[in-house]
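Enquirer: Below are the features listed in Swiss-Prot for this protein:
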BINDING   Gly73, Leu78, Val124, Glu125, Arg139  S-adenosyl-L-methionine binding site
Amino acid sequence: MRNTLDNLLNAAGIVISDKQKNLLIQYVDMLNKWNKAYNLTSVRDPQQMLVRHIMDSIVVEPHLHGQRFIDVGTGPGLPGIPLAIVRPESHFTLLDSLGKRVRFLRQVQHELQLENITPVQSRVEDFPAEPPFDGVISRAFASLQDMISWCNHLPARTTGRFYALKGVLPQDELSSLPQGVLLDQVVRLSVPDLEGERHLIVLKPN
């Protein structure tokens, strides 16, 4: 698995330490093991997890600004745990409403000794942002409209951003953004060995 990860990182032009690579592989091992009992992801092959979960998450890292992030609807920790591993100077709150997912996140935190994540079991609407976050991240969570509606209380008013990971660019969602947010940036992401388009949509509170 290490050779596959090295090849993917080289293809993406991403440089991380051996320790970070080992942590990413440990995370995939744990996800694969727990997935058999808890059904945390539809991806069953660890090699595919490297592409569709690890690489698909960490290609976003250069586009994040700030130190405090919240990953809403994180599921088994995606993209929050891979991002926390490659961005150790930042802190990631991992929010999910399902107990089995949060139990998995806490076990990952314990076994990988990740000090820069905080798993939380809560509905996003009920979670207080005190203080507000630099970035609100979502991957396969909801439409842009729902994300903004449910998460509007989470980012800092002037400096905070919404980061939505999408496949094909959702032009219909972009054309009907609610009042109070502005489109800041659209980034076409390149994920080695992953078929289909990937985009990062960055929105800012107005």
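Cβ from N, Cα, C; glycine included.
Neighbours and distances for these, please.
Expert: In the three-state DSSP classification, Val124 (S-adenosyl-L-methionine binding site) falls within a helix.
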Enquirer: Which of these binding-site residues has the least crowded Cβ, counting other Cβ atoms within 10 Å: Leu78, Val124?
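Expert: Across Leu78, Val124, these binding-site residues, the one with fewest Cβ atoms within 10 Å is Val124.
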Enquirer: Could you tell me which of these binding-site residues, Gly73, Glu125, Arg139, has the fewest other Cβ atoms within 10 Å of its Cβ?
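Expert: It is Glu125 that, of the binding-site residues Gly73, Glu125, Arg139, has the fewest other Cβ atoms within 10 Å.
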Enquirer: Where the record says Gly73, Leu78, Val124, Glu125, Arg139 bind S-adenosyl-L-methionine, what is the longest distance in Å from one Cα to another among those residues?
Expert: 19
